[in-house]
Amino acid sequence: MEPERGTAAIKEQFLTTKEKFHEFLASARPRASRDEADGDPEEPSGEPEQKRVKLDRDAEQKKKKMRGQNKSRPHIKPQSYEERRLCPSIVQERDTKCVYGEKCRFLHDVSEYMCSKAADLGDQCYLFSSFGWCQYGVTCRFSRAHTSPELKNLRNEELCRRSTDTVSNHLDKDLQRRLRKKQQRFPGAEAYLKTVSRGEKSTDQSHAVKQDPDRPHTEVQRQHTHTDTHTHVDFRDKLYLAPLTTCGNLPFRRVCKRFGADITCGEMAMVTNLLQGQASEWALLKRHASEDLFGVQLEGCFPDTMTRCAELLNQNIDVDFVDINSGCPIDLVYKKGGGCGLMTRTSKFEQIVRGMNSVLDVPLTVKIRTGVQQNCNIAHKLIPEMKKWGVSLVTLHGRSREQRYTKSADWEYIDTCSKLAAPVPLFGNGDILTYEDAMKARETGVSGIMVARGALIKPWLFTEIKENRHWDISSGERLDILRDFTNYGLEHWGSDTQGVEKTRSFLLEWLSFLCRYIPVGLLERIPQKINERPPFYMGRDYMESLMASQHVDDWIHISEMLLGPVPKNFSFLPKHKANAYK
């Protein structure tokens, strides 16, 4: 049977109907979850509507209601899942008393706290097992693994001595204070901005690391702030995990590194927030020890803030390159002149690139799109100019801002632009989901490949590309990947109730992409295309079927297998409207 347009071809013996699919999953779902799911049949199911050939206008309007970004999401403070929280001075077992005394709004009685604390989620604490100590003490949701009968936090001294801090680029408290009080100095940025105000152009001689004309542009000298030795960054033929807002967090990047990603980059960070010392924005710059070739991506639209922020990061964090986001399509960024907006503001763009280059000791890279408007490409005009400005790498997403994901990426245009960029390396980005897609992309003139949605759908894609094979990965192996992610999340966000629920939220965001993967053994026609939607099908076992569900209740069920039951006041409002859970 021929599948509908835009639908993946699956072997007939695995195909089923929507009703039978959900009936099968519901039969094995825990009783409490089934009771919640058995609500009013008129209530929205939380499942995106199936794509189909255009019908009448009314049907199309109804369909559009549950598509696209969830722009109406309320901007709320992080949810607190504990009525009474324990004072940090007690959690950390400090020798000194709480500085707030009687005015402290937290509990100071451990026994009273333990009476209201939610039940532990397991007997083993990943942090204690890995590092010999859990900083969350009795508030850890696995605390019985490292708590004495007297409710004291235990240590494994031998493991503590062997373990080292695996995460760098923390925000120093003194630096945060100076930024908040506007006492931080930016001598390099100020010197450059004076030349701009006088109408002068910054020359390449102002760059802290000078380019040898006899060396290829793909090898750029890098001087670490903590050493006098120089190293080289060679971008050629690398697999680059794209900076992905929300889902491209540190735990997810660790998963991708295990599967063979060569280059990783932090999530887009806004320079105005970094310059104000916002801890949540600085958290986006953190680097794990496994990320051996790591950069950060900055978003801004003015030469002064971008240059100051580049100087600030150059002095205070350890990165291998800094990337300018000139491809973000969202309105919030674009309407201010940032993201894609920079592509049409070439004068400001040039000042930003030259200014950042003047204060950085590491390569400066740029990520762009084909253009802003559909059918009006401008990247080919911009790339020769960026070569003059001194960028070390250009990454081109083969779509315009207006196009988004409605059509396939234009790799012919990427090939044209790669020739214009030479000898500066250009990476291509768009629609890479299989090693065959990667092989086809490498037939163009690109120096390397950036992977975005493909990595979210199947993070083992990097292994497939490097080994030139389709990996028919089992549901058990996929669950192990999710288990690793949750462990990394507990390490990164915390193993107390707040950390557990933050890990769950990011896991659910990721599951909204993972459910699009179709196991290789079920496909009638290999390979799966990134824009092909899976029909309803039964997997080869229960877990494979559960992972194929696009119903948010089933994602919650998967999260509960790994992180225990959700709290009573738990809610999930992801970026896609159709995936909300309340």
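Positions of Cβ are set from backbone N, Cα and C atoms, glycine also.
Annotation source TrEMBL lists region 'Disordered' at 21-79 (among others).
The annotation compositional bias 'Acidic residues' is assigned in TrEMBL to 37-46.
Within the domain 'C3H1-type' (81-111), the DSSP-based counts of helix, strand and coil residues read 9 helix, 2 strand, 20 coil. Marked as domain 'C3H1-type' by TrEMBL: 81-111 (among others).
Residues annotated as zinc finger in TrEMBL: 81-111 (among others). Computed over the zinc finger (81-111), the whole-number mean pLDDT of the model equals 87.
Remark: secondary structure over the domain 'C3H1-type' (124-149) totals 12 helix, 1 strand, 13 coil, with classes taken from DSSP. Annotation comment: TrEMBL describes 124-149 (among others) as domain 'C3H1-type'.
For 124-149 (among others), the entry in TrEMBL reads zinc finger.
What TrEMBL records for 193-229 (among others) is region 'Disordered'.
For the zinc finger (81-111), the list of distant contacts is 117-118, 135-139, 151-153, 497-498, 501, 567, 569-570: same-chain residues at least six beyond its ends, Cβ to Cβ under 8 Å.
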